[in-house]
Structures are given as C-alpha cells and as structure tokens.
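Visitor: Residues or ranges marked as thiamine diphosphate binding site in Swiss-Prot (evidence: similarity to another entry): Tyr152. Taken from Swiss-Prot, the feature K(+) binding site applies to Gly178, Leu180, Thr181, Cys228, Asp231, Asn233, supported by similarity to another entry. Residues or ranges marked as N6-acetyllysine in Swiss-Prot: Lys232, Lys241. What Swiss-Prot records for 1-50 is transit peptide.
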Amino acid sequence: MAAVAAFAGWLLRLRAAGADGPWRRLCGAGLSRGFLQSASAYGAAAQRRQVAHFTFQPDPEPVEYGQTQKMNLFQAVTSALDNSLAKDPTAVIFGEDVAFGGVFRCTVGLRDKYGKDRVFNTPLCEQGIVGFGIGIAVTGATAIAEIQFADYIFPAFDQIVNEAAKYRYRSGDLFNCGSLTIRSPWGCVGHGALYHSQSPEAFFAHCPGIKVVVPRSPFQAKGLLLSCIEDKNPCIFFEPKILYRAAVEQVPVEPYNIPLSQAEVIQEGSDVTLVAWGTQVHVIREVAAMAQEKLGVSCEVIDLRTILPWDVDTVCKSVIKTGRLLVSHEAPLTGGFASEISSTVQEECFLNLEAPISRVCGYDTPFPHIFEPFYIPDKWKCYDALRKMINY
C-alpha cells in the first residue's frame, strides 16, 4: 500500500506541473503551438529555443492531377484516407482514438462522414490492432490500421513479421492479407524523448513480404499512402510527425498515386550523392546548398521514399556518376538502414568510389530528451562528413 500511495503522490505532483510537464502521456505530441518550446521554469525571462533542425522545402505545385489545395502533412493524410473510404466501400480505419480524429488529427471528421462502422476505436493493444487488421484483410476488405506512435509498434512485431508478411507464402497464395496498411507517426519531434521519437524502419527492412514507406512532404504523403492502400502487399507507412504541421504545400484534391519502390532524384549533381528519407531529406537539401555555396561541390539529392524494397538501381546509377555517397537517417548508426545501402553500393559500385561511403545517423543511445539537438544528424554533421569525403 505504501508503494501505491507513493505512486499516487508522484502522479499528483506530475499533474501539478501543468501541461508542459511530464504529466502528459503523449509527451511531445502537442504540436499546436508549433516547434518553439519554452525553456519552461524560468518565467518571463525564459529563453525560447528552435528545435526544428531543418527548413521544409515544398515541391513545385503539381499540375498533372487537377485542382490543388494548400495542405499540411496531416491534412494530406486525411485527404488520402477520405479518398480511400469514398472509393472503396470495404475500407475501414481503426486504432486508438481514431474516431475523434486521433492524436495528430489525421482522421478528423471521417467518422462523422462515413459512420462508426468504418472509422472506429480499438483497445490500447497494438498486437490486437494489427491482428484484427490481418483478419479484416484476409476477408478481402481494405484494412487501414493506425499505431499511435511508431515507438509502440513493437508489441505488434510478431503479428507483422510472422503473420502479415508471411500469410501469402505459407498458404501458397490461397490466402493473403495484402490489403492491410499500417500507419504510424514516426521520427523525432523536437521534444518526444525516449518513447515518442524513434525511427524503427530498419527493424522491418529485414522482413520480406511487407513494404515500408516514409514520405517527405504532404504531396508525397498522399500519393504514397494511396499507393500503399491499393498495393497487393501489406504496407507500413511511417509519417514524419514533425512535418504534420511544419510541412505545407499544394496537394491535389483528387486521388493520385506515386509508385512504391521508386526513389526520386530531387536535385541532380556530379560530385556527391546524398540519400535520405522522411524529414532528413530536407536536411540534406540544405547540405547540398551549403556545399555548392561554400565548396563549389555539386550534390545529387535522392529521396529513397520506399525502404523495403528499396530502389537499388537509382542509387547505384547516381554513385557511379558521382563516385561518393553519403546516407543520413535519424535512427541509430549501428544496424540502421544506411548500413544496407552502404553495403549494396560497396558491392555494386566499388571501382567507381572515390572515397569511403559516409553514414551520418543518430547515436547508438536511447533517444534523449533535452539533448535531442545533439543527437539528431543535423546539417552541420552532414556537411562536415561531406567535406571530409571531398578532401579524402
């Protein structure tokens, strides 16, 4: 009883700390005030710090898909889900709190529009959410499951790796759950700490039978998500949550598709190939501009977009041209997907390399809270690695 009383007292103290304290279960989820967070307890004299480590660079307005509308990334996701529910009467969306719109508001308004039988809440049980989605998909319906944070996808690991990914193979294609798509907010957010900032894509890159996708912008998010939902394989769609409100650009209102497993060369160059996905794409775009301005170095920038299966041909073709490769991601260095890219390029392009391949990634530590600015692979770390490659 003493332990229970002590725990209750601890909770009350946290609650008394207010909305900016650790009382919030969803630490780091409240983005409505933007990415400028107070240094908190120092009153009016408190300094404010900019935690966003990048500048979002919108793509040119698309003209081939009809009418466009200004959307941020979460609105683009909502638009894709709306299009899917309207087009496919079997499509259902489910997960923790999705009925009222979700933590990040990605499903707001969909329950009112399509009804509680098609957009509904589930218990807080990630293994159950994915298992339920597999069952729905096996019947031929379209299942769109939401895991509230990518950090909490691990309880569902067995269902994804041993069930969803292998269902078609173990039945000789008599049964499949290819109409399952799992959405999840992903990556650092500026103040998410240990359990709301992780980038677990590499865990699933070792799992044949599924596809893993990470967009960099609202336009990319809608097109790639629609492609995942319509794909014949189970897909995991990781959404960079720091971009939910920070990324704004023109997005087509009508549905459209962006091919999976096809990287995009955002900027052509001749001296160095820079590869990233998600938020980190905007970091390396800044690095490319710095390299051109300060060093006179021409960088080719590639957004990988699909982690599994990834576009080997586009990356290797670029490295054969430039002779140098830098890969960057937020996840820890050891065992990160940059290692797979580096290994493949080493095998395919060895005689073309002018310098060792460089990986600029997160540290091999749990994701820190107040030290997040030191943890993330920002433009200065990437620029330093690029300069060393050029001088090799």
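Just so it is clear, glycine is given a Cβ too, placed from its N, Cα and C backbone atoms.
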Visitor: Within its own chain, what residues at least 6 apart in sequence put their Cβ under 8 Å from the Cβ of Cys228 (K(+) binding site), listed in sequence order?
Guide: Thr181, Lys211, Val213, Cys235, Phe237, Leu260
Visitor: Using the CB centroid of Gly178, Leu180, Thr181, Cys228, Asp231, Asn233 as the K(+) site centre, which other residues of the same chain sit with their CB within 8 A?
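Guide: These residues sit around the K(+) site: Ser179, Ile210, Lys211, Ile229, Glu230, Lys232, Pro234, Cys235.
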Visitor: In whole Å, note down how far the CA of Lys232 (N6-acetyllysine) lies from the CA of Lys241 (N6-acetyllysine).
Guide: 26
Visitor: Would you count the other CB atoms within 10 A of the CB of Gly178 (K(+) binding site), including those on all shown protein chains?
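Guide: I get 19 for this one.
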Visitor: Determine, using Cα-Cα distances only, which of these binding-site residues is closest to Lys232 (N6-acetyllysine): Tyr152, Gly178, Leu180.
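Guide: Smallest Cα separation from Lys232 (N6-acetyllysine) among Tyr152, Gly178, Leu180: Gly178.
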